[in-house]
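Under the heading Fe(2+) binding site, TrEMBL lists 88, 90, 94, 134. What TrEMBL records for 88, 90, 94, 134 is Ni(2+) binding site.
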């Protein structure tokens, strides 16, 4: 997974939007905002065992597989991609293991409020904490197949950023957890 600051220039959200020269973000900086990731190559015969070990260690009990592509979503594709790209939080962790395809998770660095772009590809396992502002888009390949992991029953509820969102208990707890008032 490649992590770097998003350039905030206008243009297609599916492009890399990397500064020139790039402004990389370290694993330590990601850990400081409670974003975690692992590399478990899908071409390894034991990738499922490794994924299961991480799931057990972190208490993930359920999972499903989600495919996003123009072919699969048809006329709804553009609408879905735009929806995923709206800044939002979740009240649960968002855990994704990329099986095929690629895309970008953008996360807000607190307290600076800058976007960090995480380029994910097959074999990347990403944990986005509850309460962090983020968004997702595919890259120009326009497809991804991912395993979604859940601590409890599978659910996905986006809470779009607004003045009220800053007072959401999961947002407040997230900021407390990274020691931001």
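Each residue, glycine too, has its Cβ placed from N, Cα and C.
Remember, TrEMBL labels are computer predictions, not curated facts.
Other than 88, 90, 94, 134, the residues of this chain whose Cβ falls within 8 Å of the Cβ centroid of the Fe(2+) site are, in sequence order, 89, 128, 132, 133, 135, 158. With a cut-off of 8 Å between CB atoms and residues at least 6 apart in sequence, the same chain places 133, 134, 135, 158, 159, 160, 161 near residue 88 (Fe(2+) binding site), listed in sequence order.
Long-range C-beta contacts of residue 90 (Fe(2+) binding site), restricted to its own chain and to partners at least six residues apart, with a cutoff below 8 Å, comprise 128, 130, 131, 156, 157, 158, 159, 170. Contacts of residue 94 (Fe(2+) binding site) defined by a Cβ separation under 8 A and a same-chain sequence distance of 6+ are given as 126, 127, 128, 134, 156, in order along the sequence. All chains included, 22 other C-beta atoms sit within 10 angstroms of the C-beta of residue 134 (Fe(2+) binding site).
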